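Marked as domain 'O-antigen ligase-related' by TrEMBL: 191-336. Here TrEMBL flags 29-47, 59-77, 83-103, 115-139, 159-175, 187-216, 228-247, 320-343, 363-381 as transmembrane segment.
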Amino acid sequence: MKSRFYSIFRFTENCCYYFWRQVTPFIPVDWYLALITSAIVFIYLIVSKKLPPFFYNNLNKWLFLFLLVNVLATFLSPFQEEAFSGMIVLFQIYFFIYLNLVFLTENGLKNILPLVLGISVGFNGLIAGLEYFMGIQIFMVGEPGGGRVYGLTSGANNMAVWSIMAIPPLIYKLMTASSPGQFLGWLSLNIFAIMGLISSESRAGFLVFLIMLMLIVYMNRHLFQPRFLGLVISGISLCFLMVAVAIPDEYFERQKTLLAEDQYQDTALQRRQAYIRVGLASFFEHPVLGTGTFTFPQVWVNSIESRFFKMTERGAHNTYLDIMVGLGVVGLLVLLGLFFRIFKDFMNALSNFEMIGDEPMHGITQAYLVSFVCLVVYCLFKTMLDNKMFILLISISQVVYILSSEKKEQVHGYAG
């Protein structure tokens, strides 16, 4: 029952893309959903008179420490109004982390969540792909004058992040499909998600996608047997042929700018280089606790470099730089510690599931781990902490670890 309710909530929330979230007056649709869900959780806590079991996890101390650093940095911030606004965003992040922990279940992780992600991301990717590949515009979205298309999300990078997060579990479900119908269904969702990634023309998404493919191949290397080598080579050749025929030249031209010698002509790359210069200068001025929670936009708009671009408050497009500027070296170390704890819990969960022979949970956990690693890499190109997909993976890490420990204890008599 809990999994079904969560699937309805997650599906509805995911489908309330940026394009539609303001259709209701006063506050966005997804906020209404969050309020309704919060009320249900509140009633549940009163009736049960106890906290949900997944609330007792390995991240609590790290999340508390990160919150403490943010509070100190905010009170010492030269941009206190903006820093306090950043704290509100941080509380929203924490809220969604623990909200996920209330509803995520084993069945939800294995079966429901991949389907929900596949349908919501696939629907978005299909809309973007139809416009990008065929010129069929269903909704008036995308960048003015053509070019990058991002469906109903808030931007091209968000479209890429959604696809990067969803593809690993979708590939796992494709590889474990038990019938031709399921195989075709999961194959379609994979194609739609990849269409969304390509339509975004995200250079960061392209790089991370290559890393993702290498991770997936490495983690499933035991499946590649010598007698299937010819079939694999044929499949790869067919994929390359389809890519060469289907993808517009503009996509490859944009990706080639990553290696071009005249990058100074690319305004976006120039701006990102300026972000780094401004961020490092601010960090050396406030090295310990930074300038306050999520205050990089204020640092940027007050910098000399911003005069050469649009004079607007802009994010760092780099999670680590954003934290360095806002929270200093202390905040950065705590964030890295949090990421390492999440990675370690994923790895421990994999070890536990392998030890007890739970192949379905081992496989899906491995897929979510690939998604997490890819988004950690993506943090070099985008501010990710408030991204719902990234928040979801933080929660998943604790659910799979606790489930694996409980199963291991039942089988072997001790947890791990």
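Cβ coordinates come from backbone N, Cα and C, glycine included.
Across 59-77, 83-103, 320-343, stretch 83-103 shows the highest tally of CB pairs under 8 A with the transmembrane segment (29-47). As a quick check, the transmembrane segment (159-175) and the transmembrane segment (59-77) miss the bar of 3 or more Cβ pairs under 8 A, pairs 6 or more apart, so the two do not touch. The average pLDDT the prediction assigns to the domain 'O-antigen ligase-related' (191-336) is 79. Most Cβ pairs under 8 Å to the transmembrane segment (83-103), among the stretches 59-77, 115-139, 187-216, 320-343, 363-381, belong to 59-77.
The transmembrane segment (59-77) shares the most Cβ pairs under 8 Å with 320-343, out of the stretches 115-139, 187-216, 320-343, 363-381. The transmembrane segment (363-381) is not in contact with the transmembrane segment (115-139), judged by fewer than 3 CB-CB distances under 8 Å for residue pairs 6 or more apart in sequence. Note on the transmembrane segment (320-343): residues 58-59, 62-63, 65-66, 69-70, 73, 83, 86, 275-276, 279, 282-283, 286-296, 299, 369, 372-373, 376, 379-380, 383, 385, 393-394, 397 of its chain, located 6 or more positions outside it, place their CB under 8 angstroms from a CB of the stretch.
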